[in-house]
Amino acid sequence: MDPKEVKSDLVLILDFGSQYTHLITRRIRSLSVFSLCISGTSPLKAITDLNPQVVILSGGPHSVHASDSPSFAAGFVEWAEANGVFVLGICYGLQLIVQRLGGVVKVGEKQEYGRMEIVVEKAKGLFGTKKVGDSQAVWMSHGDEVAKLPEGFEVVARSQQGAVAAVENHSKKFYGLQYHPEVTHSPEGMETLRYFLFDVCGITASWKMENILDEEIKVIKETVGPDAHVICALSGGVDSTVAATLVHKAIGERLHCVFVDNGLLRYKERERVMETFESDLHLPVTCVDAVDHFLSKLKGVVDPEAKRKIIGKEFISIFDSFGHDLELKIGKKPSYLVQGTLYPDVIESCPPPGSGRNHSHTIKSHHNVGGLPKDMKLKLIEPLKLLFKDEVRQLGRILNVPDAFLKRHPFPGPGLAVRVLGDVTEGNALEVLRQVDEIFIQSIKDAGLYDSIWQAFAVFLPIKSVGVQGDQRTHSHVVALRAVTSQDGMTADWFNFEHQFLDNVARKICNSVRGVNRVVQDITSKPPSTIEWE
């Protein structure tokens with residue numbers, strides 16, 4: 001999907017490193033408005049080429065006083081004014097506007113973090129539906145504060161401590177909020193964003209998944225052309241399956257899907273997935289048995305990032321080999337590789353300004369983003385790379401992908417390699433993990449909880465513990481259970497099981513899986529942790 005071709009008003013977010021930046025993107029899309037997020041320090045041309053109607057400057061951990069604090073490109077303010085583009089600064093973004101336009105930001109006498117009350121001083125602009133004196137709870141996270149406004153700006157709301165909470169310059173179309181309207185801790189924040197976009201900026205809610213489907217099919221056809229053949233890497237997950245179904249709809253039998261059994265799949269995954277592909281989706285799929293190939297490459301490797309790189313490289317090697325065999329069969333060399341890369345994959349695989357990198361600190365190298373070799377012969381097609389997981393599921397429903405398949409929990413591209421902490425080839429770690437994971441997931445389904453959980457899985461820990469089983473002392477493996485709730489995988493909370501459920505699952509695992517005598521539960525949210533352990 002080319003953002004330049006999307007027939008919708010674009011709200012562009014310039015990311016300055018806030019942990020909430022992705023939430024702004026999600027909140028705006030939930031209003032049927034197309035939004036994208038790029039680095040806050042992007043060149044001016046990268047911004048102007050996208051032709052946004054609104055630009056939002058995100059928050060961030062920086063201080064505008066620091067010599068290395070990130071800023072928007074030179075000429076941004078002049079371009080926005082000349083083209084009538086609305087600009088909204090949030091937290092750090094507000095302070096950046098104030099400082100760059102001639103105002104003063106200083107270290108606050110009273111820093112404001114967490115839940116605070118703000119009071120409306122002027123019922124206009126961002127607070128056009130409010131009355132002077134109205135108050136609301138918001139989520140603050142700042143140590144600096146505005147001391148002097150640039151010419152033409154006015155304060156429209158303050159915190160109860162007297163700090164500037166909202167500003168605007170109506171003639172310039174520049175606005176600012178010192179708090180985070182995108183988080184649920186600001187209960188009226190979504191209403192503020194909605195009013196700003198539709199009433200202040202005049203944005204039209206015209207971004208719909210049906211339009212994305214039509215546009216993407218058009219782009220795929222134009223990219224591939226009338227004769228080229230395409231390989232699709234199917235993992236058995238929602239993302240690659242929807243991507244394959246979409247490309248198949250666009251180019252038909254010139255799509256050739258390959259499912260690789262790399263030895264890192266879940267319990268009976270190969271059999272279950274191949275049956276779904278053939279009987280329900282009617283996709284042309286070839287299954288490649290590469291178990292020995294992958295496990296030999298991973299022998300002795302314990303670093304999770306190294307595992308991802310190796311797996312990404314070996315996948316491409318197999319796809320190249322598959323492409324060669326396909327060329328001999330059809331007399332034409334495949335030119336493209338389809339992958340189910342999603343927007344969170346792109347965001348998490350590249351960085352925010354001020355981190356010492358080109359863009360937010362790399363959380364992981366995604367197998368679809370950072371784990372591919374530079375000398376890859378196939379050109380990539382990533383039709384979902386601007387979509388979040390829930391949006392992909394919406395698209396899948398339009399494409400008639402079975403709902404039961406769309407509701408499957410996410411499974412990482414590197415598979416169980418990132419759920420076995422340590423060497424995946426050591427002992428029987430993979431087999432133990434498969435059995436534990438199957439018991440856990442089936443118990444969740446039996447309890448009617450599967451659809452209430454974003455993702456659930458087991459983890460094989462590189463430690464052993466002492467136990468007593470059958471009146472004998474044992475020294476066996478420890479496994480962890482992880483289940484989270486989330487909307488898009490960017491943030492997550494741990495799922496609170498009833499004690500009886502956990503007790504039953506733990507007993508079943510220890511009684512059924514040879515070599516396990518202890519079960520623990522991960523009760524950490526994201527952040528501070530990631531969803532996967534690695």
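Heads up, the Cβ atoms here are built off N, Cα and C, so glycines get one too.
Curation plays no part in TrEMBL annotations; they are all automatic predictions.
The domain 'GMPS ATP-PPase' annotation in TrEMBL covers 207-408. According to TrEMBL, the ATP binding site annotation covers SER235, GLY236, GLY237, VAL238, ASP239, SER240, THR241.
Mean pLDDT of the predicted structure over the domain 'GMPS ATP-PPase' (207-408): 84.
Here GLY237 (ATP binding site) comes close to GLY340, ARG408, PRO410, PHE411: these same-chain residues lie at least six apart in sequence, with C-beta atoms under 8 angstroms from its C-beta. Residues SER235, GLY236, GLY237, VAL238, ASP239, SER240, THR241 make up the record's ATP site, and a Cβ search at 8 Å around their centroid adds LEU234, VAL242, ALA243, GLY340, ARG408, PHE411 from the same chain. Within the same chain, residues at least 6 positions away in sequence whose Cβ sits under 8 Å from that of ASP239 (ATP binding site) are GLY340, THR341, LEU342, LEU384, LYS389, VAL392, PRO410. The 10 Å shell around the Cβ of SER235 (ATP binding site) contains 23 further Cβ atoms across the protein chains shown. The Cβ of SER240 has fewer other Cβ atoms within 10 Å than any other of the binding-site residues SER240, THR241. Other Cβ atoms within 10 Å of the Cβ of VAL238 (ATP binding site), summed over all protein chains shown, number 23. With a 10 A radius on its CB, GLY236 (ATP binding site) counts 22 other CB atoms from all the protein chains.
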